[in-house]
Amino acid sequence: MEKYHGLEKIGEGTYGVVYKAQNSDGESFALKKIRLEKEDEGIPSTAIREISILKELRHSNIVKLYDVIHAKKRLILVFEHLDQDLKKLIDVCDGGLESVTAKSFLLQLLNGIAYCHEHRVLHRDLKPQNLLINREGELKIADFGLARAFGIPARRYTHEVVTLWYRAPDILMGSKKYSTPIDIWSVGCIFAEMVNGRPLFPGASETDQLMRIFKILGTPNSQNWPDVFKLPKYDPNFPVYNPLPWETFIKGLDDTGIDLLSKMLKLDPNQRITAKQAIEHPYFKETN
């Protein structure tokens, strides 16, 4: 720890406090300190998971893990430092980001997620607060505390993942067999938030979250989601809503952008576009 000085608290992650610090050369780093409550408990499984995943992932749109320091009663992860997160940027840009900026961030996010998915890693907690941005306009995915290597076919996982507003309807209805489409749903929610300047589905509870999704995208049925009836929390008495036209709730997005968003926010996870397919979508054809 002697290598770093000038600690300044900048946030809290899934399981630890994050500080900004500098080394002797004046370079800035983000230090994530994980307190080890009891010596006999050892390192939290979430921390071990994040370390093992991040050590394997090397991509320009994924935050770099430089060092791991095992100090007395605490573990310190040394990450590259970025100036701010996407949530803060959206908050200061009244009415949403400029279309060229939103497009650039979305493409970078998809590139990072496609890389994760190719390496059999689900992030499981994508939200604007976990997307870091530097002054050059580079976006990097952070906070892999909930990430988990996935097998084929999809295994049964806990459904208590992803902050409520970015949680897919299949998870909300109790699906424990899920895969890459849960990250794509979150990406779609983030895309809409960048464009609109506010969250698309800001639910107050799991039930409220589902109802907000259904009121906009329509209630699932055997036509648009054949397997929905198999989910533990599916209710045949859900109120029936018809889908709204996209332009009524998404402002300032052209037809190709709406087409891409609609493919990310499919109710049925099996119908959602993959990250790799999304990168090839016509929406990005004008992007350098």
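Using N, Cα and C of the backbone, Cβ positions are placed for all residues, glycine too.
As annotated by Swiss-Prot, domain 'Protein kinase' applies to 4-284. What Swiss-Prot records for Ile10, Gly11, Glu12, Gly13, Thr14, Tyr15, Gly16, Val17, Val18, Lys32 is ATP binding site. Under the heading phosphothreonine, Swiss-Prot lists Thr14, Thr158. The phosphotyrosine annotation in Swiss-Prot covers Tyr15. Residues annotated as active site, proton acceptor in Swiss-Prot: Asp125.
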Cβ-based isolation winner (fewest other Cβ atoms within 10 Å) among the recorded positions Ile10, Glu12, Gly16, Val18, Asp125: Glu12
Integer Å distance between the CA atoms belonging to Gly16 (ATP binding site) and the residue listed as 'active site, proton acceptor': 15
